Amino acid sequence: MKFAVMSKGDEVSNKLQQRIKTYLTDFELEYDDHEPDIVISVGGDGTLLYAFHQYSDRLEETAFVGIHTGHLGFYADWVPDEVEKLVIHIARTPFQIVEYPLLEVIVRYLDGGKENRYLALNECTVKSDEGSLVMNVEIKGELFETFRGDGLCISTPSGSTAYNKALGGAIIHPSLPSLQLSEMASINNRVFRTVGSPLVLPQHHTCMLKPVNDVDFRITIDHLFLLHKKVKSIQCRVAEEKIRFARFRPFPFWKRVKESFVKD
Ligand code: NAP
Ligand code: MN
């Protein structure tokens, strides 16, 4: 089996990365950061997001596992003290896999330029390049509302504990293939009106954002920021692809939620 180890880049994570490399090589696993069967991310949730994007073109072949060198994470749920145990588990393949849904985003352009397709593990956010964001929101091909405000966030279930949560969105269990649309400070008065509540859409219900005036937008896909010019539409739906996590012990999602947000 081939493996890769990604580090957040700080001293503690780099040291741990080296240790894992040595251990797994001693177990006669092959280090291969081009075509790994398993990717071990060392750092935080942000490091796992980075690892995901690094290998998003081979999701069917790659499994992910995260170790946190800071605070407990949602993707990074192993502590450095457990590294020896984890390494033995990894060496003793095959391992169990848990799949989480992803978000597919397709940005199309007015000038007929080639569309861009992205996969997000946490979310996509859309903001105006300047001033308020004004967007027609279509659901399953029907105009749902015209949004005016700071921006919109479309999150995956596992991303629901990240930016989405800060926007008052619900926490969604990752066994539900769905996406959540939440608002950033919508303008609501006698003229402008939006639903005001986060919406949870099932698989195959496409959410399409269509510009009303401006056509340049700041779009994020997880930690990646991009300015898109002359945008015709932004299409969001649950992706066909999934992320595969290597699971070596039970750590239920609600327990992670409790330990992260309620108490240890
Ligand atoms: P960052 O600024 O370091 O991330 C912000 C925080 O979000 C970090 O504490 C990060 O954990 C945590 N996080 C990431 N994914 C999470 C998840 N699925 N559930 C719960 N917490 C999560 O930047 P980053 O590490 O590159 O992460 C990018 C993410 O930051 C974006 O995808 C977005 O969700 C989030 N974000 C949140 C806000 C907000 O809450 N207002 C604003 C902008 C972006 P680690 O410290 O373990 O990396
Ligand atoms: Mn981070």
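Glycine is treated like the rest: Cβ placed from N, Cα and C.
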Ask   = Out of Ala4, Ala91, Ala170, Ala185, which is the one TrEMBL records at the NAD(+) site of Asp45, Gly46, Asn122, Glu123, Arg148, Asp150?
value = Ala185
Remark   = Out of the binding-site residues Asp45, Asn122, Glu123, Arg148, Asp150, the residue with the smallest number of other Cβ atoms within 10 Å is Asp150
Request  = Please state whether DSSP places Asp45 (NAD(+) binding site) in a helix, a strand or coil.
outcome  = helix
Task = Might you list, by sequence position, any residue in that chain lying six or more from Ala185 (NAD(+) binding site) with a Cβ less than 8 Å away from its Cβ?
result = Gly149, Asp150
Ask   = For the NAD(+) binding residues given in the record (Asp45, Gly46, Asn122, Glu123, Arg148, Asp150, Ala185), what is the largest pairwise C-alpha separation in angstrom?
value = 31
Chain-internal residues, separated by at least six, CB under 8 A from Gly46 (NAD(+) binding site) = Lys8, His223
